[in-house]
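Taken straight from Swiss-Prot:
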COMPBIAS  147-160  compositional bias 'Basic and acidic residues'
COMPBIAS  179-190  compositional bias 'Basic and acidic residues'
MOD_RES   P66  proline amide
MOD_RES   Q70  pyrrolidone carboxylic acid
MOD_RES   P72  proline amide
MOD_RES   P93  proline amide
MOD_RES   Q117  pyrrolidone carboxylic acid
MOD_RES   P119  proline amide
MOD_RES   Q131  pyrrolidone carboxylic acid
MOD_RES   P133  proline amide
MOD_RES   Q152  pyrrolidone carboxylic acid
MOD_RES   P154  proline amide
MOD_RES   Q183  pyrrolidone carboxylic acid
MOD_RES   P185  proline amide
REGION    48-90  region 'Disordered'
REGION    129-160  region 'Disordered'
REGION    175-199  region 'Disordered'
SIGNAL    1-22  signal peptide
Amino acid sequence: MRAVCVFVLACVAVSGAPGVRGQDGPAEEELFQRAEDLLLRSILTQMEEQNSENDQPEWMEKRQHPGKRQHPGKREEDLEPEVEMERWRRQHPGKRAPLDLGMLEDPTALSELSKRQHPGKRYLMLLHKRQHPGRRELQEADGDSAELEKRQHPGKRRCEGWADAGCGLLELLDTSGAPEKRQHPGRRAELEDELPGLE
């Protein structure tokens, strides 16, 4: 574009030079001067408009974050799946919406997901609820009973089969009228160390 401007200026300068055609009247000279000024102004305004139109979007694109600083009406409603996947991968793992889990219908599962969890224990709450060891219900008699007995307090194990009634009677006879005192775990260890010395 600048080459065209220089070429036009050279043509006007050569055609308006007094030595080329001889002495023209002052009216023609004034006419050529006005034409030259108008031509230069129009070319300069066109160049400024093109530069301002081209520079502004590049400047705005450099400044903008892909999901930010856009007018709400100009945001793309239908994002491509690749763009959506990229946005999902860039999110913090704790903030990701677990859309692929089919357990969101359960309100307790949804509330458990909103809590912060250790990374190795994520989503375990969805599979089973935590319960007090003494109040757990057996879901399967085979596999869960061994695990349940391992995790319960040794004195609170459940009896299986026909011995349930006998265990209930033994528990009633075992408990005295006074409630059992609980001790701090550290105190219990001290007492155990002292017992062998007493014998």
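Numbering starts at 1 and runs along the chain as displayed.
Placement of Cβ uses the backbone N, Cα and C atoms for every residue, glycine included.
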Q) Including all protein chains displayed, how many Cβ atoms other than that of P185 (proline amide) lie within 10 Å of its Cβ? A) 7
**Q.** Cβ packing number for Q183 (pyrrolidone carboxylic acid), 10 Å threshold
**A.** 11
